[in-house]
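Written out below as structure tokens is the structure these notes cover.
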């Protein structure tokens, strides 16, 4: 689908459809008022008859509006003008895209980007419109024998900005939005793959393909033999019960040739299937444990964004691929593992495996002398209990980094919420037999998992994103969400000096 930006008046647009907003109760937006004036009150007369109230989610398609060059005018309900926020704005864009596809409009000019959204500029509105539109059009049908295709799919969308002076900002918003949308799609495609296809070797193949197709990107893969030499015993233990080899894929992007420039490292938990191991999970919903690699899928998607935008920074993405299965060789509750860092861990529950994979990976990345490290993981059900499906959990040992990530989450509309790492929580992961235990009980489970990881991240500035509640949806709309690709992409754009205020 093609996106463009322009500046012009609605009555002069020759298009299959132009899109304008209507507020509650039956109040025309400024652009809709222009069309109403040109059409001698045609639109306002329809509203007075009760054709459209203006509530969010409502729409009305008009054909051959008098004195308007476009074939059709689509009125979209925007709710109450003073209450229009970013969440409603995205809902409005979703409704617009779905309606256009239902009506068979192949191209359209959208004036909704001129609506006033609290605290948001035109760059944000255009970029969010692009990301939301691409998300609406996403399908995962690679494995279906009968693919359903729209008869007349939407092919082109033009966003209008108020003045020509804002065209460069709009064009930049489209470029950024398309790159991030592409990264989100890559993340979702990888996460939605079934575990009989997507194992650690598949993650490695995707990493290699990215290096082959992108400038400034290289990839290397660490297998089990090298992990043994590195004493990555916690990582190795998790995969012992599986016939699929554990593989750690390292994607390195070099956008800054300055030898003094230290890399930003992203570590993604890549449990391509998590049965729970010996501490096996309930059968109900276990199919969704293919999504336990959404951290790795996120890192892969973000590396795609970085490579596409050719950001002038150095970024290393690590996909910590593994599979947790029961079996005669599987690790057990009661085992004590010596991690790569030398710290020992008592295994109380084999279903608390993600932190065991991550702890050795966090030690491994010390060799890159990173500027900072962010790990992304579907780590705990406790985070879902705390924050639901709306916010990712954020923990950090460095306040400025936490503030940067929170700011990026606000900018991107990909929300996170910071949780504490207090000393009291560390007491919950003490062990009678080892340096620490791999679980700290039910209470504060998301935080004790973060505390566990923090014990392996003391040599650099570190943040942890628990995406267990935000990485995928269950139910009828089951599927990966692509979060938090947008948050991390915004963080890296800010780091590269390419934020929305540029």
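Counting begins at 1 with the first residue displayed.
Using N, Cα and C of the backbone, Cβ positions are placed for all residues, glycine too.
If you look up Swiss-Prot, you'll see 281 (among others) marked as active site. Annotation note: residue 281 (active site) sits in a coil segment as assigned by DSSP. For residue 281 (active site), the Cβ neighbour count at a 10 Å cut-off comes to 15, with all displayed protein chains included.
When secondary structure is read from DSSP and collapsed to three states, residue 355 (active site) falls in the helix class. Cβ neighbour count for residue 355 (active site): 28 (other Cβ atoms within 10 Å of its Cβ, all protein chains included). What Swiss-Prot lists as active site is 355 (among others), and the listing cites sequence analysis.
Listed in sequence order, the residues of the same chain lying 6 or more apart from residue 292 (Mn(2+) 2 binding site) and placing their CB within less than 8 Å of its CB are 269, 271, 272, 273, 274, 324, 354, 378. In the three-state DSSP assignment, the secondary structure recorded for residue 292 (Mn(2+) 2 binding site) is helix. Summarising the annotation, Swiss-Prot assigns Mn(2+) 2 binding site to 269, 274, 292, 353 and lists sequence analysis as the type of evidence.
Per Swiss-Prot, Mn(2+) 1 binding site is recorded for 274, 351, 353.
Within the same chain, residues at least six positions away from residue 353 (Mn(2+) 2 binding site) with a Cβ under 8 Å of its Cβ are 238, 271, 274, 277, 322, 324.
In terms of local Cβ density within 10 Å, 274 ranks first among the binding-site residues 274, 351. When Cβ atoms from all protein chains are considered, those within 10 Å of residue 269 (Mn(2+) 2 binding site) total 31, not counting its own.
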